[in-house]
Amino acid sequence: MDANVDIECERGNMERNESDERGGMIRQPLLSKNRVNTSSQIAIVGSNVCPIESLDYEILENDLFKQDWRSRKKVQILQYVTLKWTLALLIGVSTGLVAFFNNLAVENIAGFKFLLTSQLMLQHKYYHAFLAFAGINLVLATCAGVLCAYIAPAAAGSGIPEVKAYLNGIDAHSILAPSTLFVKIFGSILGVAAGFVVGKEGPMVHTGACIANLLGQGGSRKYHLTWKWLRYFKNDRDRRDLITCGAAAGVAAAFRAPVGGVLFALEEAASWWRSALLWRTFFTTAVVAVVLRSLIEFCRSGRCGLFGEGGLIMFDINSSIPDYNMVDLLAVALIGVVGGILGSLYNYLVDKVLRTYSIINEKGPPFRVFLVVIISLLTSCCAYGIPWLTNCIPCPIGLEVECPAVGRSGSYKYFQCPPGHYNDLASLLLNTNDDAIRSLFSSLNANEFRITTLLVFFISMYFLGIITYGIAIPSGLFIPVILAGASYGRLVGSLLVTFSNLNVGLFALLGSASFLGGTMRMTVSLCVILLELTNNLLMLPLMMLVLLISKSVADNFNKGVYDQIVKMKGLPFLEPHAEPYLRQLVAGDVVSGPLISFSGVEKVGNIVHSLRLTSHNGFPVIDEPPFLEAPELCGVVLRSHLIVLLKGKMFTKDRRLTGTEMLQRYHAFDFAKAGLGRGLKLEDLDMKPEDMDMYVDLHPITNTSPYTVVESMSLAKAAVAFRQLGLRHLCVVPKTPGRPPIVGILTRHDFMPDHVLGLYPGIDKQK
């Protein structure tokens with residue numbers, strides 16, 4: 001995606017219509033009121049309005065596919081399986097290397113910034129220290145904003161909603177493109193190092209998915225990478241599996257949690273799952289863990305600059321055995337309830353902020369960068385200014401660590417304090433996010449942070465996290481939520497220190513879990529991620545309890561934050577369960593017309609005219625006399641396959657079957673889906689007037705076994721089948737004989753609530 005992304009996407013909205021979403025007028029959630037969708041579905045990608053397409057996860061069983069499948073030898077099958085595992089290995093290695101590079105860069109850039117600020121403050125040059133701190137933050141933030149606003153707007157935000165939508169069958173513009181990968185990596189480094197209250201964990205999921213997409217393109221004709229083995233992956237089905245592995249690898253790399261990564265992909269990211277995919281994702285995350293372990297061991301010798309014990313190291317809060325009583329269980333339940341309420345409020349406020357920012361972002365890239373600059377200055381002022389409002393604390397006696405810490409690392413920040421004292425609020429605000437979390441999770445000194453400090457830090461992280469998410473930088477939600485939750489949990493632990501057997505570090509961990517459960521609504525994966533992150537398996541019962549309570553409470557108010565963002569962007573996401581009101585309708589109630597179909601042997605002019613007239617991706621093919629006595633549904637043919645067939649100009653002057661000759665001339669790979677490169681378009685065809693009166697046989701490229709439902713089937717049942725089978729087209733056939741063999745085709749668009757409720761506004765949504 002180049003710098004003209006706004007023009008491209010707007011032109012795409014007018015010219016490159018979505019090919020399988022038809023009819024109806026849908027007003028997208030974050031689109032301006034004058035943008036009404038009349039012929040295609042559009043969605044917000046980054047900050048731009050772009051067309052979206054559905055993905056073909058169905059196996060197209062046409063004659064060419066069957067010939068290719070029958071002709072495959074055992075050696076070719078072995079090649080395919082070997083390459084699939086090799087790509088899983090490469091995804092794990094690449095994601096691990098990128099994660100290590102991210103953390104290395106962040107720790108060194110942020111380390112230089114904090115060292116410079118600390119040195120100036122030691123010289124009592126407080127204004128110079130602020131100018132240096134805010135100036136470095138501003139430069140880093142501006143660079144991140146420029147990258148996102150001008151090169152790849154799709155890289156802004158977490159990226160998890162986009163990956164989740166892709167694995168649901170939605171292909172939005174540039175969400176997994178190489179330019180997005182580039183900006184995601186460097187934008188995330190710059191944004192986190194700039195001191196924003198964001199994490200690099202969410203972007204790592206998107207990064208892993210982009211790496212998997214890049215490796216799974218099946219080669220490139222443009223760059224002459226057309227090795228025969230790579231051709232096996234020129235389909236959405238195999239790419240989907242690889243991108244699922246990439247998303248799992250991203251979580252494993254971000255938290256060093258290989259099992260948590262697999263469970264995250266299963267619980268949150270993927271819409272389809274099978275046992276073979278479980279084993280492959282586990283292999284990928286295991287590779288990530290090995291790569292990170294090796295690189296971190298290399299850095300322990302001090303050869304990685306300021307990296308040292310920084311990011312990616314397990315927090316290892318303590319090795320004590322948690323001993324809890326009834327008071328502790330009541331406190332944990334209270335933390336879960338309050339975490340659920342605060343988490344749902346967090347989601348509500350994020351929703352409002354994103355809608356407000358969308359008004360600014362749609363004005364163009366300069367306004368997006370300006371918004372980044374404003375938030376950067378506000379964050380710098382809060383981080384440097386708020387610690388001045390608190391008093392210094394004498395250093396505890398008998399500490400094993402340096403107090404006050406003069407350098408960047410350390411929990412006891414010197415700030416403006418006299419010798420032998422430290423500023424506890426500066427220890428949290430003027431530190432990297434990883435170090436702040438490590439300090440909150442620590443139980444070495446229960447009185448390290450005062451209650452007022454924890455309250456101020458909680459309020460700061462809560463609201464800075466809300467206003468930062470949505471600006472034009474790659475930004476994850478995990479770290480802001482963990483920071484706010486840990487401060488809130490430690491605050492509760494400090495209040496109950498005389499009654500509880502649990503230490504404040506464990507309370508901080510439970511607070512993070514409650515807040516994560518309240519915002520993201522995940523249970524199993526979050527539980528395992530936090531346990532792997534802190535290396536404390538003994539907390540499992542309490543962790544499960546607090547996650548279950550917080551999720552149950554928050555579900556009464558709104559949806560999880562990623563589900564809200566998917567809906568907000570206008571992405572046509574299919575939920576696992578159909579809405580109750582869909583049971584009041586049948587499949588035949590929502591099919592839109594007029595239906596355009598082709599004969600088994602069709603006139604070239606009719607095909608070209610239909611392709612120009614509509615933007616549909618699939619067309620039913622009906623066999624008619626003289627080939628059959630009565631009309632019969634032959635199958636469905638794809639738009640892209642028709643264009644390839646017309647490009648070859650294998651036409652006849654009369655209506656006759658040419659399947660045998662076509663199978664000798666074409667191979668299944670000739671009709672494989674284009675990767676990142678530009679596939680054939682209708683404009684690429686050079687059709688002469690004499691060609692338009694000729695005929696072409698569509699049987700060899702027609703999917704002769706499409707999924708069909710009878711028109712009287714409940715729309716709810718059809719929606720569940722559509723999602724679980726990963727379809728792009730679902731044929732609706734008549735219930736009674738004597739009618740045309742097909743009533744219509746259902747696509748993803750036909751199951752969307754806006755479309756259904758637009759057709760039947762009087763329907764009772766509660767039933």
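Backbone N, Cα and C atoms are what each Cβ position is placed from, and that goes for glycine too.
Keep in mind the model is a prediction, meaning the values are calculated, not measured.
As recorded in TrEMBL, the features of this protein are as follows:
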TRANSMEM  85-105  transmembrane segment
TRANSMEM  126-152  transmembrane segment
TRANSMEM  172-198  transmembrane segment
TRANSMEM  242-265  transmembrane segment
TRANSMEM  277-296  transmembrane segment
TRANSMEM  329-349  transmembrane segment
TRANSMEM  369-389  transmembrane segment
TRANSMEM  537-554  transmembrane segment
DOMAIN    701-765  domain 'CBS'
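Contacts between the transmembrane segment (172-198) and the transmembrane segment (537-554): absent, as fewer than 3 C-beta pairs lie under 8 angstroms at sequence separation of six or more.
Taken together, the residues of the domain 'CBS' (701-765) have an average pLDDT of 91.
Panel annotation: around the transmembrane segment (126-152), residues 1-3, 5, 46-47, 109, 113, 116-117, 120, 174, 177, 179-180, 182-184, 186-187, 190-191, 193-196, 365-366, 368-369, 371-373, 375-377, 379-381, 383-384, 416, 471-474 of the same chain, lying at least six beyond its termini, place a Cβ under 8 Å from a Cβ of the stretch. For the transmembrane segment (85-105), the residues of the chain that approach it from at least six positions outside its boundaries are 185, 188-189, 193, 200, 204, 207-208, 211-212, 215-216, 233, 242, 245-246, 249-250, 252-254, 280, 283-292, 295-296, 299, 304-305, 307, 310-312, judged by C-beta separation under 8 angstroms. Using DSSP to sort the residues of the domain 'CBS' (701-765) gives these counts of helix, strand and coil: 23 helix, 12 strand, 30 coil. Same-chain residues lying 6+ beyond the ends of the transmembrane segment (329-349) with a Cβ under 8 Å from its Cβ atoms: 462, 465-466, 481, 484-485, 488-489, 492, 496, 500, 502, 507, 510-511, 513-519, 542, 545-554, 556-561, 564.
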